[in-house]
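Report on one structure; see the data block that follows.
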């Protein structure tokens, strides 16, 4: 009975990490000419405008790949954002949303081992699995 709970915990962890990875990859999908264009795009999109409409109105492009063209250097991340901060928040968020929920469901010595594995998986995911775009052109 205990091994099946452990397997369920790992499967849930992997599924939720997959969802988190999808959200992380969405971050750099719009590229803008400059900071003014980026601010315009963010304001438009926050106000409810669709991504294509906001991109067209604000001199931005919607891209499908991970890197912006050289003439559209500004990504969705703020200029003062840095990879260490993003990695730290990713790890904290992953542990809080995935590992803490597992701890609430199952209790016991085996769960402590699973929590350690979950924390390690979050750290590996946030350090290696996430694609962080540079904000410098």
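Quick reminder: no glycine exception, Cβ is built from N, Cα and C everywhere.
Because the structure is a prediction, the values reported are computed rather than measured.
Annotation source Swiss-Prot lists signal peptide at 1-28, citing sequence analysis.
Cβ neighbour count for residue 68 (disulfide bond) (all protein chains, 10 Å cutoff from its Cβ): 23. For 31-68 (among others), the entry in Swiss-Prot reads disulfide bond, with the evidence type similarity to another entry.
Among the features that Swiss-Prot reports, disulfide bond is placed at 32-60 (among others). Within 10 Å of the C-beta of residue 32 (disulfide bond) there are 23 other C-beta atoms, taking all protein chains into account. In the three-state DSSP scheme, residue 32 (disulfide bond) is classed as strand.
Taking Cβ-Cβ distances under 8 Å and a sequence gap of 6 or more within the same chain, the neighbours of residue 40 (disulfide bond) are 32, 54, 57, 58, 59, 60. According to its DSSP assignment, residue 40 (disulfide bond) is helical. If you look up Swiss-Prot, you'll see 40-58 (among others) marked as disulfide bond, on the strength of similarity to another entry.
Positions annotated as disulfide bond by Swiss-Prot, on the basis of similarity to another entry: 44-54 (among others). A simple way to gauge crowding: the CB of residue 44 (disulfide bond) has 19 other CB atoms within 10 angstroms, across all the protein chains here.
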Residue 31 (disulfide bond) and residue 44 (disulfide bond), distance between Cα atoms, whole Å: 14
